Structure formats: structure tokens, C-alpha cells
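Visitor: Mind having a look at this structure? Questions to follow.
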Amino acid sequence: MSDNKVEVDKRRTFAIISHPDAGKTTITEKVLLFGNALQKAGTVKGKKSGQHAKSDWMEMEKDRGISITTSVMQFPYGGALVNLLDTPGHEDFSEDTYRTLTAVDSCLMVIDSAKGVEDRTIKLMEVTRLRDTPIVTFMNKLDRDIRDPIELMDEVEDVLNIACAPITWPIGSGKEFKGVYHILRDEVVLYQSGMGHTIQERRVIEGIDNPELDKAIGSYAADLRDEMELVRGASNEFDHQAFLKGELTPVFFGTALGNFGVDHILDGIVEWAPKPLPRESDARMIMPDEEKFTGFVFKIQANMDPKHRDRVAFMRVCSGRYEQGMKMHHVRIGKDVNVSDALTFMAGDRERAEVAYPGDIIGLHNHGTIRIGDTFTQGEKFRFTGVPNFAPEMFRRIRLRDPLKQKQLLKGLVQLSEEGAVQVFRPLDTNDLIVGAVGVLQFEVVVGRLKSEYNVEAIYEGISVSTARWVYCKDERKLEEFRRKCSQNLALDGGDNLTYIAPTMVNLNLSMERYPDIEFAKTREH
């Protein structure tokens with residue numbers, strides 16, 4: 001077995017998806033604790049203690065206690081090497097989140113057991129459906145009062161259209177939370193509160209019929225036996241093939257804050273989640289065990305190092321292996337580049353990568369030449385597909401307090417749009433600059449970063465734009481006519497792609513009827 005194959009088989013690359021405040025960043029902390037990457041998990045928003053969550057590292061994130069930028073963390077667990085991509089969890093950081101989901105092989109969905117399925121979770125699940133990504137589910141916050149577990153699973157099945165197979169089952173909740181029963185292992189793991197910061201030995205009782213269980217939890221033992229009869233009859237058994245197709249999700253219960261149940265999830269991911277998968281390109285399917293290196297960029301992050309105004313492109317390795325100093329072919333611009341200083345990450349702490357395998361994420365220093373979606377190979381000319389731009393849902397006009405800095409403003413906006421922080425549109429008929437985002441917080445981030453990184457003071461004004469669509473037409477003559485007649489609604493985006501800026505949905509629908517040969521697209525491949 002080649003070194004490459006051994007390394008590929010070890011890798012598990014996943015992201016965590018959840019609604020804001022369901023406990024995603026806490027789980028990230030605890031997962032790293034189990035991977036020995038952190039000795040003491042700093043509870044998130046732990047402002048009093050001055051210990052900030054490891055994965056929230058940009059200034060604004062430190063101020064607000066939210067993870068704005070996707071961080072990457074690699075750690076060993078149970079004989080595997082796990083790559084965890086932390087995704088922005090707050091209301092508004094969705095486009096980055098969407099794109100991160102294109103770089104993973106499986107996802108962990110975290111649900112607040114008091115609330116059930118919430119709208120951001122629904123949106124993110126739609127994105128995972130584009131590639132039928134396998135999903136593992138964690139019902140969190142069992143140390144609080146929760147909804148009925150069977151009802152929670154029914155809701156996941158109905159709303160997200162995925163079958164649920166319980167792997168662990170809760171015994172009580174809130175102040176009466178006693179632990180979980182691991183259905184596949186036939187063992188009860190008992191919970192003790194106040195042990196969230198470190199990994200402690202838990203008491204395990206083997207066998208649901210063990211009299212020790214009655215001694216330990218009293219009448220809860222008999223209740224559990226009755227409940228399990230019902231659960232076994234009413235729920236799906238775990239089916240590995242259905243899981244790999246994205247049709248069924250194994251469900252775990254626990255509390256991330258109490259560091260309870262997190263090891264069960266990790267065991268499940270290592271045992272069941274797929275190793276790095278083949279990837280589609282516009283030429284052929286790329287297999288992870290191919291000899292030659294390939295990879296694609298799914299995110300660009302500015303300012304990872306406050307001492308340098310650098311930008312780092314995050315690349316998923318898809319085949320072959322990266323070695324320090326190797327030559328890569330940057331397909332879009334047709335140039336070869338020598339890469340001697342790629343990085344591996346532990347959220348803001350960076351180390352030089354000497355070698356990286358399929359499933360790993362490496363960072364390339366970017367001086368403005370790399371864009372989201374770029375493919376790198378060892379000479380072959382093809383492009384990985386499936387890293388889209390999503391049409392913004394909110395728009396603002398942006399203008400300067402000091403008109404002499406127009407050049408810096410445009411430079412800053414184009415760089416921020418290449419990085420995916422925001423989208424920028426330049427209308428054909430005016431000198432306006434329009435900024436588009438998927439959520440309000442992105443606008444704040446952009447103004448803050450323009451000031452700190454480009455020394456530009458910008459302000460927003462309202463603008464009557466409802467939505468945007470990228471426009472295409474195979475017939476050049478028809479496209480030119482459309483351009484002439486609709487120029488007041490057309491703009492170029494940060495990559496100079498023609499975009500229709502619609503003041504209302506009615507206007508968009510009328511234009512689509514009037515120009516049937518023009519394609520109005522909601523997403524655009526990079």
C-alpha cells in the first residue's frame with residue numbers, strides 16, 4: 001500500500017453546521033480538546049477570563065464572540081487525522097459558510113434540543129444537498145430542559161427530509177440529566193456536571209439490564225428500558241450506505257458545554273464518515289489516490305497576521321500530495337508557481353506545511369493573483385467545478401467621506417470581493433459602487449476592514465435593489481442588444497461579469513419574460 005493511500009485512508013474532513021447559538025463553537029472547542037489540540041477548552045464568549053475561543057480569531061470576532069471567518073483545525077483522533085473546518089455561525093456569515101461546505105466530505109449538524117430545527121440549519125442543509133454530503137447529527141444542550149427526543153427526530157425527518165437513526169439516547173434532561181445509553185454498544189455512560197473544561201473518566205455501566213444501573217440512577221433505569229422498546233420500534237436502524245448517500249443521519253445526544261457525548265460523535269465520524277472523495281472537474285473525475293497533485297481554492301482570508309497585510313488562500317488538496325518547494329500550475333492564469341511556504345492551521349496559529357495529502361487544507365500566500373474557485377495542478381489543464389458564488393440578498397450603495405480615495409476604495413472592495421467577504425457591483429450607467437451581501441453583519445465587516453486595512457473611511461446609503469442575477473447568452477448579438485436596452489439595470493461584478501441588478505422581483509420577472517434567450521443565474525461558478 002503506497003504512503004499516499006495510507007494517508008488518504010486516515011483523513012476525515014468535515015464542517016459543523018448549525019443555527020447561531022446552537023453551540024457550534026463550543027463543540028469545536030471540545031472536539032479539539034479530545035484531539036489533544038487544546039489542553040483546557042476556553043469557553044467561548046469567556047470575556048471575563050480573557051481566554052478567547054481558539055477558533056474565533058479576527059478582531060471583530062473577539063469583540064463579539066462570533067466566528068466570522070472559516071478557520072481550519074487539524075488533529076489526530078482514534079487512528080485518524082481529522083480536519084475540522086469551523087464555519088461562521090452567526091446570522092450573517094453565510095456565503096463563506098456555503099463555500100466551505102464545498103470543501104468537506106461530511107458535516108456535523110448541531111441542533112439546540114430546546115429549539116429543534118431552525119432556519120439557518122435549513123439553508124445550510126440545502127447547500128449540502130448540492131453534493132449529497134453525509135450528515136452526522138448532534139442534539140446539544142441536554143443539560144437544559146429539552147423537547148421530547150422522538151419529537152426532535154421527527155422534526156429533522158420532516159423538515160430536512162433525511163431519515164434519523166439514533167446511536168445514543170438521553171436519560172432525563174436539564175437538572176435531571178443522568179447520561180446517555182449507547183444503543184450500538186449496549187452501555188450507559190453517566191453524566192456528572194461541572195466537568196466541561198477537561199476530559200474526565202466517565203462511569204460506564206455495561207448492559208441495559210445490569211442491576212448496577214438501577215443502583216446508579218434509580219427509577220430512571222426502568223424508564224429507560226421501557227423507552228428503548230418504543231425507540232427501537234419507532235426509529236430507523238443505522239445503515240452505512242444510506243448515510244454515505246446523504247439519505248440517513250446517525251443521531252447523538254449530549255451537552256457540548258458539559259463535554260459530554262462529543263467523543264461519541266468523533267468515534268462515529270472516524271468510523272463511518274467517508275475518507276477523501278473523488279472530485280468533479282470540467283474534464284474528468286479526479287481520484288484522491290492519483291499520483292499528481294491537484295487542489296482548489298474555496299476561500300481567501302485577508303489579514304490573518306495583523307503584523308502583515310497578507311492574504312491567505314485556503315486550498316483543499318484533492319489528489320497526490322503537496323511537498324514544500326514543489327511547482328504547481330495555476331490553471332486560470334496559465335502560470336507555474338513554486339510554493340515553498342504553504343501553511344497548515346490551528347485557527348490563527350500557522351505553521352509551515354512540509355507535506356499535505358488529499359482532504360487536507362493548506363494556505364497559500366496570495367498577493368492578489370489567486371481567486372476563489374481557482375484550480376492548481378501539476379500541469380494538467382482542467383477546472384474543479386462546484387464552488388459557486390451565491391446571489392446576494394441585501395444591497396447598499398457605498399461612498400467615501402474623502403472623495404480623493406476612490407482608487408483605494410475600489411482596490412479594497414475588489415480584494416474583499418475576491419476573498420468572498422462581500423460582492424461588489426459597478427453599474428454601467430453611473431459611477432456608483434454597490435455592495436451586495438447575504439447578511440447585514442457583512443456590511444459592518446467591510447466598512448471596518450476598509451478602515452483598518454486600506455485606511456479608507458466609507459459610509460453606506462440605502463439603494464432600491466432587491467436582487468441580482470448573473471446574465472449569459474450564447475448569441476453575442478442578442479446579448480449586445482440586451483446590454484443596450486437594459487443598461488440602466490446592468491453592472492459588472494468584482495470579476496467583471498455582467499450582472500442584472502433588479503429594483504424589484506416584479507422587474508426581474510418581467511425582464512426574464514421579455515428576454516427569453518438571456519439566462520439569469522442565481523449562482524455563478526468561480
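Just so it is clear, glycine is given a Cβ too, placed from its N, Cα and C backbone atoms.
Here Swiss-Prot flags 18-25, 86-90, 140-143 as GTP binding site, drawing on sequence analysis. Residues annotated as domain 'tr-type G' in Swiss-Prot: 9-277.
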Visitor: Near the Cβ of Thr87 (GTP binding site), how many other Cβ atoms are there if near means within 10 Å?
Guide: 27
Visitor: Are there residues of the same chain, six or more positions away from Leu142 (GTP binding site), whose CB falls under 8 angstroms from its CB, and which are they?
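Guide: Once residues fewer than 6 apart are set aside, Leu142 (GTP binding site) is near Ser113, Pro170, Ser173, Phe177, Val180, Tyr191, Phe253, Gly254, Thr255, Gly258, Phe260, Gly261.
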Visitor: Of Ser18, Asp21, the binding-site residues given in the record, which has the fewest other CB atoms within 10 A of its CB?
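Guide: Relative to the other binding-site residues in Ser18, Asp21, Asp21 has the fewest Cβ atoms within 10 Å.
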Visitor: Please give the average pLDDT for the domain 'tr-type G' (9-277) in this predicted model.
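Guide: Reported value for the domain 'tr-type G' (9-277) is a mean pLDDT of 85.
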Visitor: Let me check the 10 A CB neighbour count of Lys24 (GTP binding site). How many other CB atoms are there?
Guide: 28
